[in-house]
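Trainee: According to Swiss-Prot, the protein carries these features:
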BINDING   54, 203  substrate binding site
BINDING   130, 176  ATP binding site
């Protein structure tokens, strides 16, 4: 692992063991996600070694969550019925001690998305909050630019904003970007793995949340789970881009590359540093 200063020793041990545990335990990861990228999220979850399920019916979401190792909530194609179902699922996750990963897609773009995401972080025990700079900045109360589901940036220091929000919410926060920022309020990591093609296809942010959810299903150290997921997904992106002719072939190769990432690859190829 390349570190710029030295990363803490326990991270180096956990990263590899998390990927190994996913392949050995194949945890169920329950998604309540958007209909644009739902198939991509299911496939990337399978590729890392976990098992996806996408149950949305009010009558079964609580039961399904009880069987899962993690719950991923994604507000990319939001409506009022889905909001109610997400809260039912989240309350079940809290009851059974199951980690909740929230991807507040488009928070800051419309009042529905912003208010829903704000309500979720206020009323639910979120384990990992993952979003782009605009989304995280909005939820941190900063001036941010969000166009649709794309980030236009945030005013202020991104690392300080991420760390401050994590401390306030008592959860792990991931701000995605060219350099991903991962913080639980007291420990902060920067990850530089990835490739520009990842920003040229739809769904990579959603897929990253699925990978993080898969990692969070096998450890209670959600900072390590997030860093492992972000780095492993970024490494897969780097490998997929090597022979890709463009974004289309890159997307196909991304799934193959994710399936081939091994437990020691994050240690060998992860570009992670602590701050």
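Note that Cβ sites are derived from N, Cα and C of the backbone, with glycine treated the same way.
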Trainee: Using a 10 Å cut-off, grab the number of neighbouring Cβ atoms around the Cβ of residue 130 (ATP binding site), all chains included.
Mentor: 30
Trainee: Give the three-state DSSP assignment (helix, strand or coil) for residue 203 (substrate binding site).
Mentor: coil
Trainee: Write down the Cα-Cα distance for residue 203 (substrate binding site) and residue 176 (ATP binding site), rounded and given in Å.
Mentor: 13
Trainee: Between residue 203 (substrate binding site) and residue 130 (ATP binding site), how many Å separate their Cα atoms?
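Mentor: Cα to Cα, residue 203 (substrate binding site) and residue 130 (ATP binding site) are separated by 14 Å.
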Trainee: Sort residue 176 (ATP binding site) into helix, strand or coil using the DSSP assignment.
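Mentor: Looking at the DSSP assignment, residue 176 (ATP binding site) belongs to a strand.
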Trainee: Compile a sequence-ordered list of residues in the same chain as residue 54 (substrate binding site), six or more apart from it, whose Cβ lies below 8 A from its Cβ; state 'none' when nothing qualifies.
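Mentor: Expected: 30, 31, 32, 33, 38, 41, 42.
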Trainee: With every protein chain in view, how many other Cβ atoms are within 10 Å of the Cβ of residue 176 (ATP binding site)?
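Mentor: Other Cβ atoms within 10 Å of residue 176 (ATP binding site): 26.
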